[in-house]
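Asks: Quick paste from Swiss-Prot:
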- D143: active site (ACT_SITE)
- E68, E93, D120, D143: S-adenosyl-L-methionine binding site (BINDING)
- K147, D179, T216, K217, F218, E219: substrate binding site (BINDING)
Amino acid sequence: MSEVTTAEFNEEGKYLRKIRSFVLREGRLTKGQAQAIESQWPTMGLDYSPVPLNLSEVFGREADTVLEIGFGMGASLVQMAKDAPEQNFIGIEVHKPGVGSCLSDAAIAGVTNLRVYHHDAMEVLEHAIADGSLARVQLFFPDPWHKKRHHKRRIVQAEFAELVRSKLKIGGVFHMATDWEEYSEHMLEVMNAAPGYKNQSVDDTVVPRPDHRPLTKFEARGHRLGHGVWDLMFERIV
């Protein structure tokens, strides 16, 4: 039985932290995933502490830092880190097999600019990331909670938008993607109303998939099912 923090919000977008106990059915680690965690965690793993990271110490350099919330199995995150060696990348994922897979792929790819948390993303963002320190925050294909009674569980809410804004540098970007059209409309409504942001779309809607975001398995699945994919990018201006 695992204690897992789940995000829940009231009708005004106020973040309500709730602790729910449930069995985390994430599957067993493969041998390769377990070996990757054992061998790569000392180098790429970040142990959670409620103290802001010193990014220059963590990465051994000064560089723009990109943070991804919920990287799944990590394939696209590793690809981004490989494609942009001049940037630092931090990924957060609660599912251990995903962490193991990401570390395995990162080791094979030889990336040195990636660090990983196996922890609740809200706690990391709130306490372990310094204000004004990030060049980009990425949230790709979050759970859409498509039933109306579950909409309050969606992570993109007014208070979350403000939390992300506080962690971005001026000029930093909050980049979201979803294959659920109604959720994209919800994201757009929340973000267009969020103070201190500017929509990077020319018509204040969505943007084409930028080159820096690789196609993911979720996106491929959406295409197979005849779904579209919507990218939203909002720049912190204040």
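Every residue gets a Cβ built from N, Cα and C, even glycine.
These numbers come from a predicted model, not from an experiment.
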Asks: Three-state secondary structure of E68 (S-adenosyl-L-methionine binding site) from DSSP?
Replies: strand
Asks: What are the other residues, in sequence order, whose C-beta lies within 8 angstroms of the center of the C-beta atoms of E68, E93, D120, D143 at the S-adenosyl-L-methionine site?
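Replies: Filtered neighbour residues, in order: I69, G70, F71, I92, V94, A121, P142.
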Asks: Given the recorded positions E68, E93, D120, D143, which one's Cα is the least distant from that of E219 (substrate binding site)?
Replies: D143
Asks: Taking only the Cα atoms, work out how far K217 (substrate binding site) lies from D143 (active site), in Å, as a whole number.
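Replies: Their Cα atoms are separated by 15 Å.
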Asks: Pick out which of the recorded positions E93, D120, D143, D179, E219 has the most other Cβ atoms within 10 Å of its own Cβ.
Replies: E93
Asks: By Cβ count within 10 Å, point out the most packed of the binding-site residues listed: K147, K217.
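Replies: In terms of Cβ crowding, the pick is K217.
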Asks: Report, as a single number, how many Cβ atoms besides its own are within 10 Å of the Cβ of E68 (S-adenosyl-L-methionine binding site).
Replies: 25
Asks: Nearest to E93 (S-adenosyl-L-methionine binding site) in three-dimensional space, by Cα, is which of the recorded positions D143, K147, T216?
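Replies: Answer for the nearest of the recorded positions: D143.
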